[in-house]
Every structure is written in C-alpha cells, then in structure tokens.
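*Asks:* I have a structure I would like to understand better, so I am pasting it below and will then ask my questions one at a time.
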Ligand code: APR
C-alpha cells in the first residue's frame with residue numbers, strides 16, 4: 001500500500017476502552033447491564049426523562065474523569081502529520097466522548113452526537129452540557145423549561161453528518177475502522193462502501209469484528225498499541 005494521503009478513520013467504543021469508558025457489546029458492556037430500549041430511545045426519554053437523564057449524567061461524569069489514551073493521541077498526531085504533507089485524516093467517530101478532541105484531534109465528526117452537549121427539544125439549540133441536567137433545565141435560547149436532552153443519537157434516530165461522511169469516504173485512499181464491533185449501521189456498512197470504491201481497508205480491533213471478512217487487512221490487539229503501530233508503519 002503506497003503512502004495514503006487521504007485516510008478515513010472510523011472509531012468506536014474500543015478506542016476509548018483503555019481510558020476506562022465502557023464499550024457496549026463486550027462481555028459486561030453497557031448494553032449487557034442496561035436496556036437500550038429503556039435508556040437510548042426518544043420514547044424512553046418521553047416516558048421517563050429523569051431516568052434517561054440520570055443514565056447520561058453518569059456516563060458524562062465518567063467522560064469528564066477519563067483521559068485520552070495512546071490511540072487518541074496517535075490519531076491526533078497522524079492528523080497533523082498528514083496535514084503537513086498536504087493530506088487529510090477524516091476522523092469519523094461513533095463515540096460520544098470528547099477524548100479525540102482532548103488528545104488534539106482538530107476535526108472530529110461525531111455521527112452519534114456528543115455527550116458533553118445538550119439540545120433543546122423545542123427549538124433544537126445545542127449548548128455545552130457540563131453540569132447535570134435536571135427536569136428544571138432551561139433552554140438558553142427559547143427559555144423552555146425542562147426540555148433539554150443529551151445531544152446524542154438514540155436508536156431510531158438519524159445519525160449526524162451523513163453527507164460529509166459519504167463525501168469523505170468516496171475521496172479516501174485508505175479506510176480504517178478501529179475499536180468497533182461493526183454491529184450498528186450505517187457505520188457498519190462503511191467498509192463495504194470503501195471496497196465498492198476500491199479503497200484499501202484495515203480493521204484494528206481487540207478481536208475480529210462482525211465485519212472482519214470485509215477488510216483487506218487487520219491488526220488485532222489493544223487500540224492503545226495496535227493503532228499507534230499501524231499509523232507509525234504509514235510514517236504517521
Ligand atoms: N482495543 C481495541 N478494541 C477494543 C478494545 C481495546 N482495548 N476493547 C474492546 N474493543 C473492541 C471490541 O472487541 C468490540 O469489537 O471494540 C469493539 C466495541 O464494540 P461495541 O461495544 O459494539 O461499540 P461500538 O462498535 O462503538 O458500538 C457502535 O452502538 O450502541 C451504539 O451508539 C452506540 O456508538 C455505539 C454504537
């Protein structure tokens with residue numbers, strides 16, 4: 001594989017696992033302990049907003065207490081090194097934490113939203129969300145009381161930034177998926193779209209994902225060592 005200059009990187013919960021943030025489908029994962037249909041759907045929020053807000057407050061406190069790991073740092077460094085040689089690293093993450101940004105990544109596309117942001121269910125305004133939201137939270141834009149929700153994509157909702165993602169995918173000369181089980185679409189379909197564009201693909205994961213057969217190449221091991229090594233092999 002020649003030196004790629006336009007790399008599309010898709011990350012999942014496995015990239016933040018070594019920072020202490022839970023994955024979803026591993027043994028003991030978040031969805032093994034909590035029912036997503038009761039916590040991660042618009043219907044769940046409408047039926048029991050306090051329980052949903054408590055769940056996301058707890059996860060957000062975990063994100064604030066976490067630190068980026070070597071995988072996040074390596075991606076930020078690769079973004080800068082690619083830019084310095086006129087290339088681009090398009091970082092599309094399914095994660096709702098801000099560890100990519102805190103590691104120094106400058107362009108992060110959060111297709112499942114961001115836990116450190118809240119949005120008003122009346123006017124749609126998105127604001128930073130650092131303190132726990134309770135039912136009395138007031139929208140700073142429209143003054144609506146108690147109508148703020150986490151700015152994350154719930155099951156049954158459309159992921160964000162899909163047009164930009166599709167454009168970046170078509171323009172890439174290397175597709176890398178790191179720390180994702182390949183269980184949730186549309187993200188899980190991106191490797192096949194890359195293959196359809198004859199783009200080389202590589203999976204970097206603790207173990208083969210549901211999509212393992214679709215990848216040309218794979219590096220298995222913890223993201224904090226496998227991802228920096230992979231990027232170093234590319235001179236990044
Ligand atoms: N290093 C690399 N990979 C790891 C590590 C690690 N230290 N720990 C776990 N993994 C791998 C697991 O083997 C698994 O394949 O990361 C993957 C995590 O998969 P999931 O828990 O399914 O997380 P993800 O793929 O990001 O889920 C996608 O599902 O519920 C939704 O919105 C949620 O964004 C999430 C989406």
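Quick reminder: no glycine exception, Cβ is built from N, Cα and C everywhere.
Keep in mind that TrEMBL annotations are predicted by a computer and have not been checked by a curator.
Just lifted these from TrEMBL, have a look:
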ACT_SITE  112  active site, proton acceptor
BINDING   12-31, 94-97, 179-181, 205-207, 223  NAD(+) binding site
BINDING   56, 59  substrate binding site
BINDING   120, 123, 139, 142  Zn(2+) binding site
DOMAIN    1-236  domain 'Deacetylase sirtuin-type'
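I would like each feature placed in context: is it buried or exposed, what are its neighbours, and how far apart are things?
*Replies:* Counting Cβ atoms from all protein chains shown, residue 112 (active site, proton acceptor) has 19 others lying within 10 Å of its own Cβ.
Annotation for residue 20 (NAD(+) binding site): same-chain Cβ neighbours under 8 Å, separated by at least 6 residues, are 62, 65, 66.
Mapped onto three states, the DSSP output places residue 59 (substrate binding site) in helix.
All protein chains included, residue 142 (Zn(2+) binding site) registers 13 other Cβ atoms within 10 Å of its own Cβ.
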*Asks:* Sequence gap of 6 or more, C-beta under 8 Å: which same-chain residues meet both conditions with respect to residue 120 (Zn(2+) binding site)?
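*Replies:* When sequence neighbours closer than 6 are ignored, residue 120 (Zn(2+) binding site) has 127, 139, 141, 142, 144, 147, 148 within Cβ distance under 8 Å.
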*Asks:* When you measure from the Cβ of residue 94 (NAD(+) binding site), which residues in the chain that are at least 6 apart have a Cβ under 8 Å away?
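*Replies:* Same-chain residues close to residue 94 (NAD(+) binding site) (Cβ under 8 Å, separated by 6 or more) are 10, 11, 12, 13, 111, 112, 180, 184, 187.
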*Asks:* If we check Cα distances from residue 56 (substrate binding site), which of the binding-site residues 16, 24, 28 wins as closest?
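*Replies:* So, spelling it out, the nearest of the binding-site residues is 24.
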*Asks:* Taking the centroid of the Cβ atoms of 120, 123, 139, 142 (Zn(2+) site), which other same-chain residues have Cβ within 8 Å of it?
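*Replies:* Checked against the 8 Å cutoff, the neighbours are 121, 122, 124, 125, 140, 141, 143, 144, 147.
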*Asks:* Just to verify: the residue among 24, 56 with the fewest other Cβ atoms within 10 Å, which of the binding-site residues is it?
*Replies:* 24
*Asks:* For a Cβ distance below 6 Å to any atom of ligand 1, name the binding-site residues from 56, 123, 142 that qualify, or say none.
*Replies:* none
